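> Sharing a structure, written as structure tokens. Questions coming.
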Amino acid sequence: MSPQTETKASVGFKAGVKEYKLTYYTPEYQTKDTDILAAFRVTPQPGVPPEEAGAAVAAESSTGTWTTVWTDGLTSLDRYKGRCYRIERVVGEKDQYIAYVAYPLDLFEEGSVTNMLTSIVGNVFGFKALRALRLEDLRIPVAYVKTFQGPPHGIQVERDKLNKYGRPLLGCTIKPKLGLSAKNYGRAVYECLRGGLDFTKDDENVNSQPFMRWRDRFLFCAEALFKAQAETGEIKGHYLNATAGTCEEMMKRAVFARELGTPIVMHDYLTGGFTANTTLAHYCRDNGLLLHIHRAMHAVIDRQKNHGMHFRVLAKALRMSGGDHIHSGTVVGKLEGERDITLGFVDLLRDDFIEQDRSRGIYFTQDWVSLPGVLPVASGGIHVWHMPALTEIFGDDSVLQFGGGTLGHPWGNAPGAVANRVALEACVKARNEGRDLAREGNEIIREAAKWSPELAAACEVWKEIVFNFAAMDVLDK
């Protein structure tokens, strides 16, 4: 070892344990445009000051460990350490704080969501000094955004591929999600697409089970969508779930989908993992496939308000990793989703530039520069009576997906699809004429039902179905 190295490492080194805040709490720090910024909801253990808790988060998610180490002298901690630069008390909550942490960009591998999340949320969430910890938001700097491909195609390219403009896209998840044979599954796909839907979908847990192997499903679904296209003159798609037990098997399924000439494949990005997802997204761009993303397992991570990771972070991570659609909740259906919070992360998915807006849960201004946008997918417990609200909430750049709300129609699958298409066209027409969908929605649906027996039957079946439960995740006061 050289004398210079020995001198650098030994000068000022003192073994032992010292408070994190002495090194990692820096309220005077001015954040840089190249820093990744994080907002953590911190609940310290009794007796732990908030400054120490915030500094511990910064340390344990960057360069720190529980004791001083000799090798600290071999690098520049000031260059590489995370810094807790601000602490806010959460109004209305006992012993909860928002700790803002800045991370130098050099801590992260270029183009790797996997590495970014491993660093920021990898170990620190099990830290004993904290009762609970939640990552509320991230600011991804432009310098880091530009190292990612992002969505394979984006909203405008998808519309051009489908030749569909001026309205939300319509989809349907095939039910029952498990148990159908491949041929009966394909039959349901055909009936729904023939009836007027743009897409049908594999459910998240449809992979390759004994009752329906993936290759058989792909073949029958391809036959169904090409037949429906020929009959309707519209471009159709079915989300063929390529999720598999290995990346190699996943890619084999995606390649087969491309060889069949189908326009879109699907991936469960959280259970499948970010490395697999980014690999698939790159393949989809190179080979002209759209990529639908399901967020299965998200509520395990994001539903509790004081611990875990907010979905807006998972949404940003998905936009970086790559996907053309992602499920986003419905606000009005059976799944968790408060309106302002949902609209906040929907904007983070679709827009190029999003201003900080705490009223919608957005902690940082985010500039995506040229990264393509992602279509939010509203799915889960929705039916024709929800159509005005969904059109008003999500606007044109969205996918409205009715599973039971299509296949549960009393006359069958194709009439269920007709009912949804008529309801959507009526709502878009009324909106374009200046009518208030939020106030006049039920009247608009009733008027359309006079001319569509399929819609009238759907209205009768689901007239009393509501899901009135308070959201678990709400904005701070």
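Note that Cβ sites are derived from N, Cα and C of the backbone, with glycine treated the same way.
So Swiss-Prot says this about it:
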- Lys175: active site, proton acceptor (ACT_SITE)
- His294: active site, proton acceptor (ACT_SITE)
- Asn123, Thr173, Lys177, Arg295, His327, Ser379: substrate binding site (BINDING)
- Lys201, Asp203, Glu204: Mg(2+) binding site (BINDING)
- Pro3: N-acetylproline (MOD_RES)
- Lys14: N6,N6,N6-trimethyllysine (MOD_RES)
- Lys201: N6-carboxylysine (MOD_RES)
- Lys334: site 'Transition state stabilizer' (SITE)
> Between C-alpha atoms, which of these recorded positions comes nearest to Lys177 (substrate binding site): Lys201, Asp203, His294?
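That would be Asp203, nearest by Cα distance.
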> Show me the subset of Asn123, Lys175, His294 whose Cα is within 10 Å of Glu204 (Mg(2+) binding site); these are the recorded positions I mean.
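Qualifying among Asn123, Lys175, His294: His294.
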> In whole Å, note down how far the CA of Asp203 (Mg(2+) binding site) lies from the CA of Arg295 (substrate binding site).
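Just about 11 Å between their Cα atoms.
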> Once Lys201, Asp203, Glu204 are set aside, which residues in the chain still have Cβ within 8 Å of the Cβ centroid of the Mg(2+) site?
Thr173, Ile174, Lys177, Asp202, Asn205, Val206, Tyr239, Asn241, Met266, His294
> Based on Cα coordinates, which of the following recorded positions are within 10 Å of His327 (substrate binding site): Lys175, Lys201, Asp203?
none
> So how many other Cβ atoms are close to Lys175 (active site, proton acceptor), meaning within 10 Å of its Cβ?
16
> Sort the recorded positions Lys175, Lys201, Asp203, His294 by C-alpha distance from Asn123 (substrate binding site) and give me just the closest.
His294
> Between the recorded positions Thr173, Lys175, His294, Ser379, which lies closest to Asp203 (Mg(2+) binding site), Cα to Cα?
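So, spelling it out, the nearest of the recorded positions is Thr173.
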> Counting other Cβ atoms within 10 Å, pick out the least crowded of the binding-site residues Lys177, Lys201.
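With the binding-site residues Lys177, Lys201, fewest surrounding Cβ atoms within 10 Å: Lys177.
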> Far apart in sequence but close in space: which same-chain residues, 6 or more away, have a Cβ under 8 Å from His294 (active site, proton acceptor)?
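Listed in sequence order: Glu204, Asn241, Met266, His267, Asp268, Tyr269, Ile326, His327.
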> In whole Å, how far does the CA atom of Lys175 (active site, proton acceptor) lie from that of Lys201 (Mg(2+) binding site)?
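Cα of Lys175 (active site, proton acceptor) to Cα of Lys201 (Mg(2+) binding site) measures 10 Å after rounding.
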> If you measure Ser379 (substrate binding site) to Lys201 (Mg(2+) binding site) at Cα, how many Å is it?
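With the alpha carbons as reference points, the distance is 11 Å.
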> Taking only same-chain residues 6+ apart in sequence, whose CB is under 8 Å from that of Thr173 (substrate binding site), what do you get?
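Non-local contacts for Thr173 (substrate binding site): Thr200, Lys201, Asp202, Asp203, Ser379, Gln401, Gly403.
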